[in-house]
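According to TrEMBL:
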DOMAIN    98-226  domain 'Poly A polymerase head'
DOMAIN    254-315  domain 'tRNA nucleotidyltransferase/poly(A) polymerase RNA and SrmB- binding'
Amino acid sequence: MAIPAVQVLVFKTQLNFHRPLIFCLHKVRKSSSIAAVAVESPVKVLKNHSYNTSDRKGDENAPKWKKLSSEELGIRTSMIAKPTRLVLNGLKKKGFEVYLVGGCVRDLILDRTPKDFDILTSAELKEVLRTFQRCEIVGRRFPICHVHIDDTIVEVSSFTTTMRKFKRNSYNVVRRPPACSDADFIRWKNCLGRDFTINGLMFDPFAKIVYDYLGGLEDIRRAKVRCVIPASASFIEDCARILRGVRIAGRLRFRFARETAHFVKEFASSISRLDKGRILLEMNYMLAYGSAEASLRLLWKFGLLEILLPIQASYLISQGFRRRDRRSNMLLTLFSKLDNLLAPNRPCHSSLWIAILAFHKALVDRPRDPLVVAAFSIAVHCGGSLSDVLGIVRKISQPHDTRFSELLDLQNIESDGALLDEMMDLAAYVEAALQKMTDEHFVSRALIEYPQAPKSDLVFISWTLSQKVSTIFECVRRGKEKDFRRKRVGS
């Protein structure tokens, strides 16, 4: 019987994933997954709405301020999520100024689905609180409002609180440019507090104007991720911006501007100082929203993977993977298939991508017969119904991809009992791999064979989360127990 070339791993668990995940290990394409893309549609500026602020801070190369027609940029009201529109309308009816800000404006211009929508308003937070019935103020240092619309939370920030944050920024000591209106000055100061120029756009959905004070549209056109202030100062101020930059570049297939790229590498080690919860949050944004493969490639390229995921970095080194390597391997292929099923508005639970890491680590520790991998994967998808699995897997006839070292040559496993034993052994290896990923001592020794690699014992996966991951694979063991009891009763 021919053996499958396509190894299918479908996770079906008690967790609420949006859809079953099928991993098919096809031959991968040779093109780079992180190649930059250009924005084809031209950016059109409204007549008489361009201001030269080149005397700002003595920088003659400072970008001109621009007001642009949102319609000519291709932004339609229907592209804004309904809950967000309800909040915008509610504040506007009260007479407040409202803007969409940050990454959602960038995504609307790129005709992408934003992960979420952030609203900035001239209203005080207490006034926002009075405007909506289901609303709460969250955060102490920099409070914002969470407005609950059905099952959606819409974040609303106030110019007042964002100015407080701006004043804490030691770099942004600015003076008002000449011929500058009060409204422009307030908007501009707010944009200066953003992390990257492409996130520094403001969109007034009622006036249908996009404000660009930082040259963000030009960087979108050039597919560049560039810090608003000098990158060294930006990353010292908040090293989490390094991870956010990787996430944005990976998702949009953008490249870092030269100075920004230099300091991403220079300050890579600083991310280990971040709170573990914050690291998990940023890693989840990278791996659970449809851009995992590109994000992993960027983490490797800039020397961040050795700090965040030393076990996986060790695997890439052992594969002879170069920093700018365009080839693929089993790990990247698994995440590429995951990406095909996800999107910014359709993410998976963090336990799913952690399960993929553990599953792959188990195969690295002990490569398996392709039939065993296929049977195990189908068993996870079927919730552990092993009798169904054996019936399916014996019918697979497509040859497997021989390029992955994690897959052995065919072992000709004829007995169902022997196949079940191999599946149980793989389940045990996956559980052991998960324990290794959450063991600081083991993680710290993952790169011990590579003395030039930075030392890291960072573990950001909590025990509670690892237990959720375990439940994904427990069904295989339970399935064998059920089949054993069924046979006992039948006899």
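Even glycines carry a Cβ here, placed using N, Cα and C.
In this model, the domain 'Poly A polymerase head' (98-226) carries an average pLDDT of 91.
Summarised by DSSP class, the composition of the domain 'Poly A polymerase head' (98-226) is 44 helix, 36 strand, 49 coil.
DSSP assignment over the domain 'tRNA nucleotidyltransferase/poly(A) polymerase RNA and SrmB- binding' (254-315) gives 47 helix, 2 strand, 13 coil.
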